[in-house]
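Report on the following structure.
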Amino acid sequence: MKRDFNEFVKFIKNKKTAVVGMGISNRPLIHFLSKLGAEITAFDRKTKEELGDEVINEFSSENVKFELGENYLSALKGFDVVFKTPSMRIDSEALVKAKQEGAYITSEMEEFIKYCPAKIFGVTGSDGKTTTTTLIYNMLKEEGYKTWVGGNIGTPLFSKIKEVSTKDKVVLELSSFQLMTIDVSPEVAVVTNLSPNHLDIHKNMEEYINAKKNIFTHQSKGNVLIINRDNEITNNMESEALGDLLKFSRNEKVKNGAYYNKQDGNIYLFENKICNKDDIKIKGMDNVKNFMAAFCAVSKDVSKESMIKVAMNFAGVEHRREFVRELDGVKYYNDSIASSPTRTISGLNAYERPVILIAGGYDKHIPFEPLAEKGYDKIKVLILMGATKNKIKETFDKVICEKNIKLPIILSDNLEEAVCEAKKVATNGDIVTLSPACASFDSFPNFEVRGNKFKEIVNNLK
C-alpha cells in the first residue's frame, strides 16, 4: 500500500541527514531534502577542486556542509538518516557503523517507490533494461497517460514526487545496485533476463540474482511479475511470484503472456496477434524479446493500437546498435551499451553477416567463454582493446584451437587505434561494430562517453 508523502515530510524535518555521493541523482536530492528542512551534509570521494566551484556554489544558499576527499566516510557519524549512493554496499564499514548508531539507511530510489502515488512499472535484468523501459514509457505515453521515467535513465524522480499524481504512470529502470537494499517493490516488475554481470561489485552470482529478485519479493496480491521463459534463471523465479505471473518467450507458445511464432513471424499477447516481427522498426530478435516484455507490462493499461504504433515508429535508444555512418561501403554501428558478453552476443546475432568487432574494456570479472563459443562464427575480425584485451584473446585462442578455425585478432592500445585498425581491414559491404562486452571504466566514465567518442572518431574518418 502506498504511503502518504506527508509522513516523510514530517519525518525528515530537522533530521541530521547525510547524502553520500554528489553525482547526478543525488544533487537534486540534496536541494529537495534541504527545502524539506533536513540538516544536510554531503559526502563525496572527490575533493573540492575535483568537484569544481560550480557544484559547491550550487548549494551555497542552503547551508549544506561538505565532507570531501579520500577519507570522506570517516565523518559519517552521528546522523539520523543516511541516503547512500546506489553503488555503495550496505555492508560497507561506514554504513554498518552508522546503522549501529541508529541511523536510518536508505536511498533516493527506495523512498520514491515507497511514497510515489502513481502505478510503477519496474524493469531489471542483465540486458535489455533500457530499451524495454523506454518501450513501456512510449506505449503508456502513446495511450495518453502522463508518464515519468527514471532510475538508471531519465531524471531523478524523488525530488519531483509532489508533481506526480495517482493518475500518472511511472517507469523505472532498476539496477542490481539500486535493488540490493530496497524493501519495497513496484506494482509491475519485469525481469528481462539474467546472466553473470557486475561480479566486480557483487560477492558472487547468487548475491547478484538475489538483488535482482528484490524487484518482486515485496509485491502483493494483484501485482504483476513478468519473466523471460527462455532464460533458465528467470524462469526458475516462477514459484516465487507473489502476485500475477506473466511470461514471454521466443521459443514456445505461452498462454499467460507473450510469445513469438516462428512459423508466421507474429508476436502474440494472451494468444491474440499484436504485430509481425517485420512491423518492428528496430531489428534483431533481442528487440522482439524487449517488445514482448513491454507488451506484457502494459497489457492492462494500453490498447493494441498504441502497442503497434510504438512498434512501427520506435527508432531505438542511443548507443544500442546505433547506426553511425557508411564510409567506402562499410557501415559503422555504436553498441557501446553492450557491457556484458551476452549483450554483445545479442548484437552479433542481429547482423546478417560476420562483423568486424571492436571489444574489450574494464574487467567486471565475468567469463568470456560464452562470447567466444557462441560468437566466433559471427566475427570476421576481432579487434581488442582495454584492460580485458588479453583475457578475451586467450579465451578466443582456445576456441580457435579447439575448432581449428581462422579468426584474425588484433590488439589495440585504445579506441582510436581500434577504429583505425577496423578501417584498414574493412572492405566494401563490411560492418564494423563497437560492442565491447565490458564496462568502460578503464578508459571512460561511462558507456555514453565511450559511445560518443566512438561516433566522433568514426565521423572524422576520411
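From the backbone N, Cα and C atoms, a Cβ is placed for every residue, glycine too.
Copied over from Swiss-Prot:
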| type | residues | note |
| --- | --- | --- |
| BINDING | GLY125, SER126, ASP127, GLY128, LYS129, THR130, THR131 | ATP binding site |
Sparsest Cβ surroundings (other CB atoms within 10 Å) among the binding-site residues SER126, THR130, THR131: THR130
Three-state secondary structure, LYS129 (ATP binding site) (per DSSP): helix
Chain-internal residues, separated by at least six, CB under 8 A from GLY125 (ATP binding site): THR132, VAL190, VAL191, THR192, ASN193, LEU194, LYS212, ASN228, THR234
Residues that sit under 8 angstroms from GLY128 (ATP binding site) by C-beta distance, when 6+ apart in the chain: THR192, ASN193, ASP286, LYS289, ASN290, ALA293, SER346
Cβ neighbours within the same chain of LYS129 (ATP binding site) - under 8 Å, at least six residues apart: VAL123, ASN152, GLU173, LEU174, SER175, THR192
Other residues, Cβ within 8 Å of GLY125, SER126, ASP127, GLY128, LYS129, THR130, THR131 Cβ centroid (ATP site): VAL123, THR132, THR192, ASN193, ASN290, ARG343
Protein Cβ atoms within 10 Å of ASP127 (ATP binding site), excluding its own: 27
